[in-house]
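Structure, as structure tokens:
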């Protein structure tokens, strides 16, 4: 009989593959930005949100916080690098207003992460307490990451065009949320279940549009 842990690991590996696809899905968008040398009406919000989300999940999956979570660390570590590349491109082809906004957000994220790491390591001395604190933050910011593409929804409704809400991103977001929700339910991890379950709903909203 196949053990739940084996099934969970297999689902986690599939989740890693889909997550990698999710991180790569904006490539056509950034090809367009580079080609036009302009970000046009694309927003940096999803990439800023994903960057912070990846940083939090990498921290959550470290042995000093939540042992036996190597699959969480690997994919989010890769995602962290990819999002940094996207944001660099976005920054290079943005106007001064967008560059200033991005700089403020990135500085805020860096300070926030430093505060979280120091606060958790110095103030929480058990894996259970550290997992609880960082897990809650991951759930909150994971939800923000999945909902961030919806910031363009008003423009989609107004223009009746989904040009700036890429279909591929919405489809892969749906599959990613579904896979990681399944992974989390096999051995219940509420902190992975909540943001990914909501991510499925947010992706459906984008697909319906």
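Here the Cβ of each residue, glycine as well, is placed from N, Cα and C on the backbone.
Residues or ranges marked as transmembrane segment in TrEMBL: 12-34 (among others).
Among the features that TrEMBL reports, transmembrane segment is placed at 46-64 (among others). Outside the transmembrane segment (46-64) by six or more residues, the chain places 23, 26, 70-73, 76-77, 79-80, 83-84, 86-87, 90, 102, 105-106, 109, 112-113, 116-117, 120-121, 130-131, 134-135, 137-138, 141-142, 144-145, 148-149, 151, 169, 191 with a CB less than 8 A from a CB of the stretch.
Per TrEMBL, transmembrane segment is recorded for 70-93 (among others).
Under the heading transmembrane segment, TrEMBL lists 105-126 (among others). Taking Cβ pairs closer than 8 Å, the transmembrane segment (105-126) reaches residues 44, 48, 51-52, 55-56, 59, 64-65, 87, 133-134, 137 in its own chain, all 6 or more past its ends.
The transmembrane segment annotation in TrEMBL covers 132-152 (among others).
Sequence-distant neighbours of the transmembrane segment (164-184) (same chain, 6+ residues past either end, Cβ-Cβ under 8 Å): 8, 11-12, 14-15, 18-19, 21-22, 25-26, 28-29, 40-43, 46, 146, 149, 152-153, 155-156, 190-193, 196-200, 202-204, 206-207, 209. According to TrEMBL, the feature transmembrane segment maps to 164-184 (among others).
Under the heading transmembrane segment, TrEMBL lists 190-208 (among others).
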| field | Long-range Cβ neighbours of the transmembrane segment (70-93) (under 8 Å; 6 or more residues past either end) | value | 9, 12-13, 15-16, 19-20, 23-24, 26, 30, 33-34, 37-39, 42, 44, 47-48, 50-51, 53-55, 57-58, 60-62, 99, 102, 106, 192
